[in-house]
């Protein structure tokens, strides 16, 4: 893995991340393909909207279809028909999401399979082994996502467990001679000094990139902004910086302003399937009756396949009728919007006009999609 910092503007960074399956221009938004597919999108459609890298989910792919199946294809790229880079999360967040169904110990996490109830055990070592079979370009360490709310003692205990798991993840990654990139994840809840302690330990271990985890897990926006503003500038400047699970277009712009390079979130795809569409001039809900006879495109400034060919009225009809095509066209548009946003931000940083772009972005988004 190689990361080049190409330019900066008002704290924002323009870079290039070179991975085993290609180069990724940053800042970058990564669509989420939990089960080896970005919902309602073919790989060709994903490429057409400008996606450079996508996510796979270690936890879910381990459970179904299983490592033997993916391994028989030589890894996740061939299995899902995607020849560009893939990042896999470690399974830590999914285990965290199981709540009472899981039991965390020093060794790892015991839990009941959400598919068939089978008793399973996931450890840092097993997570690294799974991700090595998946052959993802970026591997994430196995950590515990600190819940919100958490007392200081709870956050400290969770972070220090993640710190020990980070060491074990690194050791197993090296033992496996995995030639891909391994990212560490900074935890520590809503406590700045715990975030600093986590980052220091991760730097001592050594990773190819650094992520901020444990945000956008239910905390108030002010707390998220505070921890992001504190933590992001402290991440190593010569390594890629990744804000996990974030977020809205505004969240992404705020993250980039704080020096973040990489983002992922289910929001554009999940919202698309629910008829919530993002545009340059605000968001709209296509199910609303106001769109029933509206012959305009979603966004006259958008060049996506959906906006070039279909009206709001047709998309409203598809959504009301429950047609699969509605989810597909909505997802094409939302992902194209996110990819266009990050492409424009890359250009603005390169031209040293990031602050001007953000001012215009906020003004346009505030007008409301009419």
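Any Cβ shown, glycine's included, is placed from N, Cα and C.
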Can you identify, from 264-268, 269-273, 274-278, 279-283, the stretch that Swiss-Prot calls region 'RNA binding'?
269-273
Residue among 291, 319, 333 sharing the Zn(2+) site, where Swiss-Prot lists 302, 304, 307 as binders:
333
89, 90, 91, 92, 93, 143, 187 show up in Swiss-Prot as binding substrate; which entry in 36, 50, 214, 218 does that record put in the same site?
214
Residues flagged as region 'RNA binding' in Swiss-Prot, choosing from 231-237, 238-244, 245-251:
245-251
Given the binding-site residues 302, 304, 307, which one's Cβ is surrounded by the fewest other Cβ atoms within 10 Å?
302
Folded-back contacts onto the region 'RNA binding' (269-273), same chain, C-beta under 8 angstroms, at least six residues removed:
31-32, 38-41, 327, 330-331, 333-335
For the region 'RNA binding' (245-251), could you work out the same-chain residues 6 or more beyond its ends whose Cβ comes under 8 Å from its Cβ atoms?
93, 213, 215-217, 263-265, 267, 278, 337-338, 341, 361-362, 365
Residue 264 (active site, nucleophile), number of other Cβ atoms within 10 Å:
22
